[in-house]
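This report refers to the structure that appears directly beneath it.
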Amino acid sequence: MSFSERLLAAWYQGHPALALLRPLEALYRRVANGRRADFLSGRKPAYRAPLPVLVVGNITVGGTGKTPMILWMIEHCRARGLRVGVISRGYGARPPTTPWRVRAEQDAAEAGDEPLMIVRRSGVPLMIDPDRPRALQALLAEEQLDLVLCDDGLQHYRLARDLELVLIDAARGLGNGRCLPAGPLREPAERLESVDALLYNGADEDPDGGYAFRLQPTALINLQSGERRPLEHFPAGQEVHALAGIGNPQRFFRTLEALHWRAIPHAFPDHATYTAAELAFSPPLPLLMTEKDAVKCRAFAAADWWYLAVDAVPSPAFVAWFDARLEHLLAR
């Protein structure tokens, strides 16, 4: 287990040694609260776009299902006839310059794994830049849009926003409830009181003050050929190597278990890069991975490498709330 994995386990499962980090946590909280106050008070300016901006983000470190939820929002808005764009930091990307327009034919090293996954799945106009206002301005210079989704960026207060949606893993919650480095929170838990909606990944029903959504496996996609097969392509009891380089790899492994496959887990750090030699696992079995990992492995994939396609399925109550908010924002 790597240091980052041990730290995540301590944050979410508890460890007495974390008490030693509380002085640093207190400093982190003061800085985070002060920075937000600077923008809310107007002491520091925020860029206000000429169209609605919806931020989809996390308050915790670790995966929450954000990318599938963004893909759902893209398709849902398009079904209403809306022109949607996306901006992202492009974590881990090394583009020739910024801002950088992500296109499907690029590779993950250039575009970032999550932005490339979004573009390949949806074809949405997407611009990456650590400077979110600059990314948005560049996107608007190229596209006529009705609204923009900001992938992450909850803490990027230089970008004014019209709606804040925060995703939380229902099983892990807020961990020990403490801020970095003593816990997994990027901002104090009180920050959740000011967001527009909380979405709980994996909740069985809408919790008090929030909405449930789940990730629904839909198909197996072959990395080499692009062939789409039903989940029944792997029968119950099928043994596979399972690769997950995401913020919460155990959720992926649990999904495979729920599908009655016998997975040999191989967890890697979030946004990890791979080589064919690293993934030559023994014994020789089909390799099953996340879609996010697949965008980094397609160039050297073997014939029996597959990814599990999943779709976000939000609760009907959230869909109704989201539609009402869209109508309000677009009428202004």
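Every residue, even glycine, has its Cβ placed from backbone N, Cα and C.
Taken from Swiss-Prot, the feature ATP binding site applies to THR60, VAL61, GLY62, GLY63, THR64, GLY65, LYS66, THR67, supported by sequence analysis.
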Residues close to ATP site centre defined by THR60, VAL61, GLY62, GLY63, THR64, GLY65, LYS66, THR67, Cβ within 8 Å: ASN58, LEU167, ASP169, ASN201, GLY247, ASN248
Which same-chain residues, if any, lie at least 6 apart from THR64 (ATP binding site) yet have Cβ under 8 Å of it: ASN58, LEU167, ILE168, ASP169, ASN201, GLY247, ASN248
Cβ neighbour count (within 10 Å, all chains shown) around GLY63 (ATP binding site): 23
Residues near THR60 (ATP binding site) in space but at least six apart in sequence (CB under 8 A): ILE168, ASP169, ARG172, LEU174, GLY175, PRO184, LEU185, ARG186
Fewest Cβ neighbours within 10 Å, where candidates are the binding-site residues GLY62, GLY65: GLY62
For THR67 (ATP binding site): intrachain residues, at least 6 apart, with Cβ closer than 8 Å: GLU114, MET117, ILE118, ASP151, LYS292
Cβ neighbour count (within 10 Å, all chains shown) around VAL61 (ATP binding site): 20
